[in-house]
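Q: Quick one: the structure is below, and I'll ask about it shortly.
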């Protein structure tokens, strides 16, 4: 027995040494890019570690290098409430716009601040959490407020350390650290992956960003591990016990922890230096190992970030300088017309395949007939094609000097190209619409939009499944989705017992979505996430909103007459009320649950801004709700209290103008403690999300936001 215990102790000691040595070499190879040993020597260390862990499975630790690969496939991606919103960046497209942004910031600060410039990597944003130096959780950006837990897959990203790296100074590691980064797939690896997929007869990824996103959202971490994703870190959200004066000082500290920061992240003393940096980066664009679509310019002093604050969507202290899109010339073989979910007829170009910005294009948007006429584009023209913003391909202009005389003008159809129904172009609009209520193209697009992640989030319900449901006449509209049976779904092509149950589970989960998500799913023109939240907060129930007049809807703060008329027109449309009745009968949530026992906070309305350190925002909302209070998303004269956390938004300014009562975190916790006699505690929620949905096909029409 003593011998066995001795073996166990020796194994523990050797395992600790191996893990530290491998972590050291991972850091040298993946972060510093200065390896000290050969691949063969590294492989020998890894094999020894694997063999020892196989002999002593009770000594395997979650942060062991062996746990990057081969983790148990996860059955779902659990939603994660971000401790602080992952905001977007406002864009500028030239030096004049950059100067205008900088001048606004300088006026707001009363001084001209130094800057930090970084490449804008075209990848997938993630939030990473370390506790006592150990990687514990990673989540995608999602909608900025709620992302998806992809911890198991992030463990396979070689440049992401499982333990923070501080040589001989482990006692200096922060108790809790949250950082932001960008996951990407190097261009060479993207091309290799697509070649392998092509050889296997599988669908190719459109670009490295899509490949990175698809690889990160695999249910099986082993698949993610087989794709060499990498990461650069660019921001710090919270770090217990760490403070910094500047952004570049913070980045330097991240490097000392072993976190990979882009080598082209550089402080700049003034705007002129930042402009020179942008010019250098643009010139070097194609020499980088990864795709970029611009540069990120940030004000360096961190106190300036607090002074300037944020808008509802973006920080005022940072901006994205988007590079000019790449252009190529190819032949426009034909002009086709697609029909979107609102009936919009959108012409698009069928192109001779051409490589633009690392992507092969065969289609490009032409927007509308007026744009085609204005640009003088003919079918058969050689045209200049551009990836606008390096994402959406568009036809910029024809090349008249290359015409042969065989080109012909485009004629917009006088009937819907899908259903043959009547079309009309409302006065003052550039868009022609199919007016048929039975147009199958509209039905398809409405169902796919309704099921999309930003709306009702019905996983597995993409174009092919929606088309099959329509073809078999199992559904006519979104209301029919909630009466589908296993027997009906089982008749769809490719659906077996497991896939049928997956779709049924996704539909079941959608029944309890908040009504704002249902409003987004309806696809009402001009109604995106912000408007849907305001309408849900104001009316609390779909039937109440359906009965409201346009004038009543327009009274909602932030909802003007254009949105109000669009909402009213949606509910006046024939068949809409029947769809709502189907949803009700199908068990879909149509009202916010306001039935609650009276509590200490009954009658009080709260708005939360900024980040709370003691609990997540979702947990705070649940506590208020449990005590009878109500939480809304916008400040108004009816707000009882504004709870102010770290880095508050412009809601604080509005509340101060309205002279509303403000609660800092300590006062808020005291109120909760007084109300229920117990200390505040964090709470979490999990809502199942399934596998990656079906691929999205080109759709020129986008939802309003």
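Each residue, glycine too, has its Cβ placed from N, Cα and C.
TrEMBL does not curate its annotations; it predicts them automatically.
When I checked TrEMBL for this same protein, it listed these features:
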| type | residues | note |
| --- | --- | --- |
| ACT_SITE | 120 | active site, N6-AMP-lysine intermediate |
| BINDING | 39, 40, 41, 42, 43, 88, 89, 118, 141, 182, 298, 322 | NAD(+) binding site |
| BINDING | 416, 419, 439 | Zn(2+) binding site |
| COMPBIAS | 694-705 | compositional bias 'Basic and acidic residues' |
| REGION | 677-705 | region 'Disordered' |
Q: If I take the alpha carbons of residue 89 (NAD(+) binding site) and residue 439 (Zn(2+) binding site), what is the distance between them in whole Å?
A: 38
Q: Give the sequence-ordered set of same-chain residues, not counting 416, 419, 439, with Cβ within 8 Å of the centre of the Cβ atoms defining the Zn(2+) site.
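A: The surrounding set, listed in chain order, is 339, 343, 417, 418, 420, 421, 434, 436, 438, 440, 441, 442.
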Q: Based on Cα distances to residue 419 (Zn(2+) binding site), point out the closest of the recorded positions 120, 141, 298.
A: 141
Q: So of all those recorded positions, 120, 141, 298, which one's Cα sits nearest to residue 439 (Zn(2+) binding site)?
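A: Out of the listed candidates, the nearest Cα belongs to 141.
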Q: May I ask which of the binding-site residues 141, 298, 416 is closest to the residue listed as 'active site, N6-AMP-lysine intermediate' if we compare their C-alpha atoms?
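A: Result: the closest of the binding-site residues to the residue listed as 'active site, N6-AMP-lysine intermediate' is 298.
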Q: Pop the Cα-Cα gap between residue 416 (Zn(2+) binding site) and residue 141 (NAD(+) binding site) into the table, whole Å please.
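A: Computed Cα spacing between residue 141 (NAD(+) binding site) and residue 416 (Zn(2+) binding site) is 39 Å.
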Q: Given the recorded positions 120, 141, 298, which one has the fewest other C-beta atoms within 10 angstroms of its C-beta?
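A: Relative to the other recorded positions in 120, 141, 298, 141 has the fewest Cβ atoms within 10 Å.
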Q: Which chain-mates of residue 416 (Zn(2+) binding site) that are at least 6 residues away have a CB under 8 A from its CB, listed by sequence?
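A: Residues satisfying the criterion: 339, 343, 345, 422, 423, 434, 436, 439, 441.
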Q: What is the one among the binding-site residues 89, 419, 439 whose Cβ has the most other Cβ atoms less than or equal to 10 Å away?
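A: Going through 89, 419, 439 one by one, the largest Cβ count within 10 Å is at 439.
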